[in-house]
Amino acid sequence: MLVGCPREIKNHEYRVGLTPASVREYVAHGHQVIIETGAGEGIGAGDDAYRAAGATIVPDAATVFARADMIVKVKEPQPSEWAQLREGQLLYTYLHLAPDPEQTRGLLASGVTAIAYETVTDERGGLPLLAPMSEVAGRLSIQAGATALQKANGGLGVLLGGVPGVAPGKVVVIGGGVVGLHAALMATGLGAEVTILDRSLPRLRTLDELFRGRVKTLYSTTEALENEIFAADLVIGAVLVPGAAAPKLVTREMLPGMKAGAVMVDVAIDQGGCFETSHATTHSDPTFVVDGVVHYCVANMPGAVPITSATALNNATLHYGLMLADKGLAAVSEDRHLRNGLNIHRGRVTNAAVAAALGYELAAPEAVLKVA
Ligand SMILES: NC(=O)C1=CN([C@@H]2O[C@H](COP(=O)(O)OP(=O)(O)OC[C@H]3O[C@@H](n4cnc5c(N)ncnc54)[C@H](O)[C@@H]3O)[C@@H](O)[C@H]2O)C=CC1
Ligand SMILES: CC(=O)C(=O)O
Ligand SMILES: [Mg+2]
């Protein structure tokens, strides 16, 4: 198969879909790989590193989109990109379609077969291609929140760790999955007081055992959530209903009850955000203020630390990427976890949560792929 990787064009997105190490694996499987010139610059991988791995460098994204049988990316295609996709082509990347009707229309019109990293599953019920970026974003959320809490940045002026004789800051994490766990690890590491809310009791049990009393776990009712966020210096939004738009757990009416200068980091913004007042921001202009509360809502947080993130992402995407390149659509038919990743196929929506969120009729992957 001819596998292509364009340079990412989202705001301050420095990751790359294929690292040179991944290219070497595709080439070893007998595939040809084309890489847009400069695609790896953000991770310090120049064209020569890709050539050494066996890739051919092409001068622009248009050549990648025109020639490749399979496109490997990081972020959801931007309008100029979805216009270049075509029927019969495989797209393997993050999509986050539920809150994004415009992109969904673009992908449907293109006829492309699109596999979304964020809905590929594993045997343990996890999301293996989302997990590494959730680890990064969870850890980054505390760095971003701590920075936004500084007075000169519009925040309350609280040091999360406190100092001897002064209480630490209070961090509230809503959703105790991968993002939530890694946010809590960083926040406790800094010495903050940390509460995690989730609506999964098994998950709260696991977290309680892991932190051995160092964090407070709470079942997420509206009352518990209000009590916690009203006292919080930093709130991390980290809930997920796979494939679906995030539930709006912190409403506009709750904000006046919070401390002026408190910070809310909505990591779930890529699925539309779990705070009613969130809207997506970029690394160039990451925060805005509503009712005195600072909001940080960057939809591609891991893009800020591409050297860590691109490697972590490739570690997770390589396995299924090679299966797709080796077998094409047959890989999706054969493997139910990869099939869960199929969101769009030849003009049909094939993910139940996306279809429900955007009002499309669901075309089940088994039906469109004619899986027995
Ligand atoms: N902004 C960014 O750059 C990035 C965003 N993300 C996003 O972060 C979000 C969280 O991802 P993960 O931690 O990997 O998901 P996860 O599935 O590991 O964890 C989500 C948790 O939310 C809980 N939850 C669901 N509904 C809830 C509710 N109503 N109240 C309380 N808890 C609830 C679930 O029980 C689960 O424990 C996703 O939207 C993901 O796409 C991930 C990486 C980067
Ligand atoms: C998961 C996601 O949205 C990201 O890594 O950018
Ligand atoms: Mg988007």
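Each Cβ is built from the backbone N, Cα and C atoms, and glycine gets one as well.
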Of the candidates Ser110, Ser220, Ser284, which does TrEMBL annotate as part of the NAD(+) site that also includes Ser134, Asp198, Arg203, Val239, Leu240, Val267, Ala268, Ile269, Asp270, Val298, Ala299, Asn300, Met301? Ser220
Whole-number Å distance between the CA of Ser134 (NAD(+) binding site) and the CA of Arg15 (substrate binding site)? 15
For the domain 'Alanine dehydrogenase/pyridine nucleotide transhydrogenase N-terminal' (4-137), residues assigned helix / strand / coil by DSSP: 50 helix, 21 strand, 63 coil
Go through the binding-site residues Arg15, Lys75, Ser134 and pull out the ones with a Cβ less than 6 angstroms from some atom of ligand 1. Ser134
Other Cβ atoms within 10 Å is the metric here; tell me which of the binding-site residues Val239, Val267, Val298 scores highest. Val267
